[in-house]
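Taken verbatim from TrEMBL:
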- 9-188: domain 'GTP cyclohydrolase I' (DOMAIN)
- 86, 89, 158: Zn(2+) binding site (BINDING)
Ligand SMILES: Nc1nc2c(ncn2[C@@H]2O[C@H](COP(=O)(O)OP(=O)(O)OP(=O)(O)O)[C@@H](O)[C@H]2O)c(=O)[nH]1
Ligand SMILES: [Zn+2]
């Protein structure tokens, strides 16, 4: 389902009026169009299902590595920076870092695709927890490996800039799948917080 930019534009105009401002004044007259363009960019991931994102970034290489399920070697990409928007307030989640690890099973995924997957799922109205489960699901599909871990840290402006206003509060989530759920050695090597 594609984002309806025209409808977004009309609603932003209505929102400006509801806020008591004049949407036709010089400074605001192009704002609905700009916001609609910005939403199309920052919510791009809402156009696709997880399966479609998996197909989009399905760039793997067959590798008969010493990396194998048996010896528990894993690939880890740390500190992928993303932004997202919480679905409760539509407020920014910022200073977010995503770490993705998986145990390859006969093929490896192009490293940049891991970052592209993290980026695309964050471009939705999200929960930090669900960013983790979405990334894990897609990485499992693309790599064919059950053994995936996604760690995320992030600041939520709905907690730092409004409401309870705890400016230093950070949220850590970990999504562990397959052997990462049960293998304590694997977990220790991840440095789960
Ligand atoms: N679990 C989870 N909660 C989130 C996330 N982003 C925002 N929230 C929380 O969603 C909750 C919504 O609570 P409500 O009581 O419905 O909203 P509210 O009255 O604005 O809450 P306050 O922020 O406490 O003022 C808040 O506790 C937010 O901090 C997220 O990614 N994960
Ligand atoms: Zn929020």
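Cβ atoms are placed via backbone N, Cα and C, with glycine included.
Taking a C-beta cut-off of under 8 angstroms and a sequence separation of 6 or more, residue 86 (Zn(2+) binding site) has the following same-chain neighbours: 92, 93, 125, 126, 127, 156, 158. Least crowded of the binding-site residues (89, 158), judged by neighbouring Cβ atoms within 10 Å of its own Cβ: 89. For the domain 'GTP cyclohydrolase I' (9-188), the model gives a mean pLDDT of 95. Taking the centroid of the Cβ atoms of 86, 89, 158 as the Zn(2+) site, the other same-chain residues with Cβ within 8 Å of it are 85, 87, 88, 90, 91, 93, 156, 157, 159.
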